[in-house]
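*Asks:* From TrEMBL, here are the annotated features:
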type	residues	note
TRANSMEM	25-50	transmembrane segment
TRANSMEM	62-80	transmembrane segment
TRANSMEM	101-119	transmembrane segment
TRANSMEM	149-170	transmembrane segment
DOMAIN	153-453	domain 'Na+/H+ antiporter NhaC-like C-terminal'
TRANSMEM	191-210	transmembrane segment
TRANSMEM	259-292	transmembrane segment
TRANSMEM	304-325	transmembrane segment
TRANSMEM	434-454	transmembrane segment
Amino acid sequence: MEYGILCVLPVFTILVIAVTTKRTLFAMVCGLAMASLILGGVKGFANAFFDNVYASFNNESLQWLLIVIALFGVLIMLYEKTGAVTDFGFWASKFIKTKKASLFGTFILGVIIFIDDYLNNLAVGTTMKGITDKLGIPRQQLAYVVNTVAAPVCLLIPLSSWAVYFATLMGDQGVEIGGSSMTAYIHGLPFAFYAWFAIIVCLLQIIGIIPKIGPMKKAYQRYESLGDVFPEGTDPELVESVKASHEIEVNEKAHPWNFLLPLIVMIVLSLISDVLMGAAGGVIVAFAMYFIEKKMTFKELLTTCFDGAMSMGFVFVLSVLAFAVQNANIELGLAEYVISITEPIMQGGFLPAAVFIVCGIYAYATGCFWDLAAIIIPIVIPLANAMGVDPILASAAVFSGAAFGSNTCLYGDGVIMCAQGCQIKSLDLMTTTLPYAAIAGGGSVIAYLIAGFVL
């Protein structure tokens, strides 16, 4: 069954309710309810609603993600309860003494952890938030840098999970150089314009050439007037606990290894295997270290692990709802509808720019990034070949659109992970990031227009 313009209503519902009420979870439930009403009608509403929730639980990607989230929650709680993160902050503060230095440090760490955007979004925020707090940097600023670097870096470094997946999609459509789809992918990296522009805009914002805009400006004004690095509406208990940690007397003997060693193990194992094995390895190393050093008793460590997993409850629920909404969008045929109404503008030299715009908007609205690429690449590549447009350029436009969505989607995996790592709401991160992402996106459209007609 074709639902036409009705398939847009769930996404529209989520965005409107989230922005007006500032309650992301409620907005997600409303969006899923709208989708279920369209799919099942009044009589079949309940079945459609729970079928989508059930389908999300059966999704292997979600199952994998929930385990990773739980392990990250355990590691973060171990860090906090043993004082490892505080000791790292004391040690790092000897070298990082200015706001710009802390943000550059955040940026560089994000580049180093290029293997996967989940790992990047959670690990970098967890590592740097104690340092940036003490220097008076709003959490929204920290989250913006973390999130903006994560997906673009994964896109631009051909050893990441993003690169392997996207190169495989290109190979499936016969886009290869010398028989290698990865070589073709690497040749397309200069045309991943959004990734380049996003990183450049981020650096210019850190330096101060690009000013604080909109919600970011308000975040800095809030700190200047109230001395609060958290967004308005943050849980008071969280704010007080963070303030209390800043008042702990500086430990001159503090060393970083209780914090860094589990993190290093996690990164190395993620490179060798995947993020799940990396997170598990980091937890095991941290648990063993803290037990040997008598930071906690065995029972206390087990309790801390349980508390850490439970602390991710909100993220668990949000992730389940996000996957349920994505499944509903697939049933509604949202991707096919968007492609059908935009295909007429995908002509000739306009093709790369049109592809980027369509993919960016779709990814922003739906939270589907890899799924988006899998759906649209088989459509875009034949179009590019038929119109005499370089298929590598067209592919890069798809991947850039996916990166834009990862940076900006309210309920996308990247935004959820980054918001959790920086302990702010997804909505605060989205609204803070959007003005800067729009600058990078606008530059990308111009670049794709030029490339479409010149190349």
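Cβ atoms are placed via backbone N, Cα and C, with glycine included.
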*Asks:* May I ask for the residues of the chain that lie six or more residues beyond the transmembrane segment (259-292) and have a Cβ under 8 Å from a Cβ within it?
*Replies:* 64, 67-68, 71-72, 74-75, 78-79, 82, 84-85, 87-88, 113, 115-116, 118-119, 123, 127, 159, 161, 298, 301, 305
*Asks:* Are the transmembrane segment (62-80) and the transmembrane segment (191-210) near each other by the rule of at least 3 C-beta pairs under 8 angstroms (pairs 6 or more apart)?
*Replies:* no
*Asks:* Is the transmembrane segment (149-170) packed against any residues at least 6 beyond its ends, judged by a Cβ distance under 8 Å, and which are they?
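*Replies:* That would be 106-107, 110-111, 114-117, 120-121, 124, 176, 181-182, 184-186, 188-189, 192, 194-196, 198-199, 202, 271, 274-275, 369-370, 373-374, 377, 381, 392, 395, 399-400, 402-403, 406-407, 414, 418.
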*Asks:* Taking 62-80, 101-119, 304-325, 434-454 as candidates, which has the most Cβ pairs under 8 Å with the transmembrane segment (25-50)?
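*Replies:* Of the candidates 62-80, 101-119, 304-325, 434-454, 304-325 scores highest.
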*Asks:* Taking the transmembrane segment (304-325) as reference, which of 62-80, 101-119, 434-454 has the most Cβ pairs under 8 angstroms?
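*Replies:* Answer, by Cβ pair count: 62-80.
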